[in-house]
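> Just lifted these from Swiss-Prot, have a look:
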{"type": "BINDING", "residues": "Thr29, Leu30, Gly31, Pro32, Asp86, Gly87, Thr88, Thr89, Thr90, Gly413, Asn482, Val483, Leu484, Asp498", "note": "ATP binding site"}
Amino acid sequence: MPKQLYFNEEARRALKRGVDIVADAVKTTLGPRGRNVSIDKKFGAPTVTHDGVTVAKEIELKDPFENMGARLLVEVATKTNDVVGDGTTTATVLAQSIVNEGLKMVAAGANPMLIKRGLDKAVEAVVAELKSVAIPVRDRADIAHVAAISAADSEIGDLIAEVMEKVGKDGVITVEESKGIAFEKEYTEGMQIDRGYISPYFVTNPERMEAELEDPYILITDKKISSIQDILPVLEKALQVTKNLVIVAEDVDGEALATLVVNKLRGTINALAVKAPGFGDRRKAMLQDIAILTGGTLISEEIGRKLDSATIEDLGRARRVVSDKDNTTFIEGRGDERAIRARIEQIRAQIETTTSDFDREKLQERLAKLAGGVAVLKVGAATEPELKEKKHRVEDALSTARSAVEEGIVPGGGVALLTAIPALDRVQVTYEDEKYGVQILRRALEEPMRQLARNAGEDGAVIIDTVRRLQKEKNDKNIGYNVLTGEFGNMIEMGIIDPVKVTRSAVQNAVSIAGLLLTTEALIADIPEEKPAAPTPGGGMDF
């Protein structure tokens with residue numbers, strides 16, 4: 001297929017147009033005074049959302065070159081969302097500012113590679129500054145504040161804080177839709193492993209791309225299963241008592257996987273195959289954890305057991321198993337309570353005796369998975385669009401709260417980024433053009449506060465100047481502007497806080513993608529094919 005090419009300034013301008021379209025749509029949602037965006041759906045009611053990444057993902061532009069710029073900015077939001085689940089709008093605002101300021105410098109003759117190098121040095125200084133001023137999250141009130149800000153709803157904040165306190169920071173919390181209009185919460189014992197289904201054909205819920213099996217039998221082995229003959233005896237025995245079977249193995253492929261998928265599609269058996277978590281000796285230990293939790297037996301040739309010798313008594317049980325592409329959760333394993341407690345005590349003893357920090361960390365993860373619980377938050381609303389919007393906010397708030405517990409908090413409302421600017425004075429540059437990269441980030445770090453003020457109907461420049469003046473007068477770096485009340489004050493005391501991980505990820509991802517965009521010199525895209533018009537019908541033909 002023939003290609004069309006753009007070079008130099010023309011290429012960068014096309015990318016900028018795409019970046020601006022996405023950023024202008026996304027940044028209107030920033031902050032508690034941010035607006036909603038309504039997204040048309042081919043079927044059903046439109047989706048109304050306050051979530052930056054949801055807006056960004058929906059944008060597809062007709063011009064292929066502009067669309068490249070748009071997709072790069074979508075990547076900023078998506079990457080930030082994947083890592084921390086929040087801060088996507090902040091990352092988008094930062095990236096747009098870096099791109100716009102950077103393109104001015106490049107057009108004026110600065111070297112884009114040196115600008116990028118300056119940006120990379122500057123972002124390291126900002127991240128170090130953010131970490132140095134982080135305040136650890138110690139109590140439930142702090143978690144409630146963080147979650148409430150993310151969701152713009154104090155009820156959601158209190159709910160998430162309560163659930164996190166109940167299951168512990170190592171527990172698993174999932175968000176589901178409720179049939180009622182109020183929030184509901186359920187607590188269940190369970191274990192989550194970081195391996196999902198081997199094939200998407202095992203999915204039972206296409207909307208959520210999840211495989212859900214109720215009351216399944218569970219085969220646990222450390223062997224790779226390629227031949228169906230290996231598991232045929234246990235399959236036949238299992239089919240006499242249930243259709244639901246979960247297989248946890250080193251791998252399932254070839255004929256065995258094909259047979260399971262075909263029989264699943266035919267409805268003969270509702271199977272789910274999951275790869276075993278971990279590697280080496282740790283994998284065997286984790287498989288043994290699953291076996292004890294579910295009351296099954298680990299089938300391993302190391303202990304003289306082959307797959308074809310497995311019986312129904314060797315299979316574990318659980319009330320429910322849920323698997324997506326990344327994780328699998330075993331809910332209410334039917335294992336013996338005394339055996340589970342003994343296993344927990346055994347792991348605790350290993351934690352106390354180990355001298356390796358890495359081993360201690362992995363043992364603590366296993367302990368959390370065995371001892372931790374699973375909480376289900378059910379979100380209710382009066383209408384379908386409101387339900388989806390509220391569910392998005394709860395998911396974001398949950399991710400934000402977890403991030404706060406991990407790395408601590410900083411003052412919110414763009415204050416942390418504003419007060420990190422002096423750290424850029426200490427950045428050592430080798431070449432003159434690297435200074436431009438530092439200058440670009442200096443300006444970009446003001447942009448989130450500027451946009452927050454703009455969304456609240458205020459002049460961003462005036463707000464930033466006032467905040468700086470008050471910080472200097474009162475010698476308090478936590479002073480900022482509360483866009484909800486229109487007051488200036490200590491953001492920590494007002495409960496306006498952001499997790500360090502969210503703020504840090506937003507800056508790092510914005511600089512990463514914007515740097516790539518600034519150093520782009522050529523764009524290549526397919527020339528769209530013109531579809532021939534339909535032929536006109538011949539004379540005398542009756543239609």
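The backbone N, Cα and C atoms fix where each Cβ goes, glycine too.
Since this is a predicted model, take the numbers as computed values, not measurements.
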> Relative to the Cβ of Asp86 (ATP binding site), which residues of the same chain, six or more apart in sequence, are found under 8 Å away?
Thr80, Ser150, Asp396, Ala397, Ser399, Thr400, Ser403, Pro499, Val502
> Find, for the listed binding-site residues Thr29, Thr88, Thr90, the residue with the lowest Cβ contact count at a 10 Å cut-off, counting only other Cβ atoms.
Thr29
> So what sits near Asn482 (ATP binding site) in its own chain, CB-to-CB under 8 Å and at least six residues off in sequence?
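For Asn482 (ATP binding site), the qualifying residues are Gly413, Phe488, Gly489, Met491, Met494, Ile496.
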> As a test of the contact definition, list every same-chain residue at least 6 positions from Leu484 (ATP binding site) whose Cβ is closer than 8 Å to its Cβ.
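Residues satisfying the criterion: Pro32, Arg33.
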> 10 Å Cβ neighbour count around Gly31 (ATP binding site)?
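There are 26 such Cβ atoms around Gly31 (ATP binding site).
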> For Leu484 (ATP binding site), which of the three DSSP-derived states applies: helix, strand, or coil?
coil
> Look up Thr88 (ATP binding site) in the DSSP assignment and reduce it to helix, strand or coil.
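Going by the DSSP assignment, Thr88 (ATP binding site) falls within a helical segment, counted as helix.
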